[in-house]
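*Asks:* The structure under discussion is supplied below as structure tokens; questions concerning it will follow.
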Amino acid sequence: MRKPCCDKQDTNKGAWSKQEDQKLIDYIRIHGEGCWRSVPQAAGLLRCGKSCRLRWINYLRPDLKRGNFAEDEEDLIIKLHALLGNRWSLIAGRLPGRTDNEVKNYWNSHLRRKLIKMGIDPSNHRLNQKLPRTLILSGSDTSSGSKTQVACQPCKPKKSQGDNDQVSDAGSCLEDGACTLPDLNLDLAMSIPPPSIPVVEERQQCIDSNITGELEISTAPSSTLLLFR
DNA sequence: AAGCAGACCAACCGCAACATC
DNA sequence: AGATGTTGCGGTTGGTCTGCT
């Protein structure tokens with residue numbers, strides 16, 4: 001029987017105090033990320049490694065953007081969700097400074113409702129009946145630049161992170177007879193990742209590269225475009 | 001001002017993938 | 001090859017905030 005990730009009796013739970021945050025920040029500043037299991041003890045924290053990792057990734061990391069989502073970020077989330085389903089980490093990976101948790105929360109609290117209001121089923125990005133077949137998604141107003149016409153079955157989230165997942169998921173969208181492919185125009189504009197690509201990012205790119213069966217990732221001077229093939 | 005409901009968000013939990021022995 | 005340990009992900013929960021009555 002596997003041991004639990006931490007001895008629950010000896011660990012704090014709930015909200016983090018400022019002192020705890022500072023300890024974690026100080027520790028990671030000196031030792032860097034990695035080996036989360038040993039972090040709590042080494043940093044003098046009564047937390048489990050998992051909790052430390054989450055706190056760092058979702059809240060303490062210096063490169064986090066925080067604050068409201070911009071309209072183009074909203075657009076991007078909607079587009080990526082239509083494409084990838086609830087793969088929050090993948091989606092967040094395309095939004096610099098945003099975390100999967102943040103994206104997930106934002107989706108659940110804002111975007112889902114927004115889509116519903118627009119007559120779109122957020123679970124599959126299909127238009128509900130009685131509405132025009134092609135609807136332009138462009139944030140809260142129709143004047144914003146990017147446009148998406150999504151009428152495709154979303155990719156059902158899968159637990160497995162297997163290399164073929166993304167391909168099969170995206171592919172399932174494409175292969176779904178109900179999809180109206182001609183309507184697809186996913187011009188997903190992204191910002192280029194920072195010059196020094198962290199390990200996680202690097203791994204993400206490996207994953208992304210597996211999608212290229214269906215998607216082409218091209219880089220323009222100021223943006224990266226994901227295009228359906 | 002008090003009570004309530006809904007929205008928001010940080011954090012936890014369980015599971016699966018991956019790594020190591 | 002199988003068991004065990006670690007990490008990462010997505011779903012969910014629960015506390016806090018905010019607006020309304």
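Our numbering is plain: 1 for the first residue shown, then up by one each step along the chain.
Including glycine, each Cβ sits where the backbone N, Cα and C put it.
Sharing the feature lines straight out of TrEMBL:
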- A:8-60: domain 'HTH myb-type' (DOMAIN)
- A:8-60: domain 'Myb-like' (DOMAIN)
- A:61-111: domain 'Myb-like' (DOMAIN)
- A:61-115: domain 'HTH myb-type' (DOMAIN)
*Asks:* Using DSSP, break the domain 'HTH myb-type' (A:8-60) down into helix, strand and coil residues and give each count.
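*Replies:* Output for the domain 'HTH myb-type' (A:8-60) reads 37 helix, 0 strand, 16 coil.
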*Asks:* Just to be sure I understand, if DSSP states are collapsed into helix, strand and coil, how many residues of the domain 'HTH myb-type' (A:61-115) fall in each?
*Replies:* 36 helix, 0 strand, 19 coil
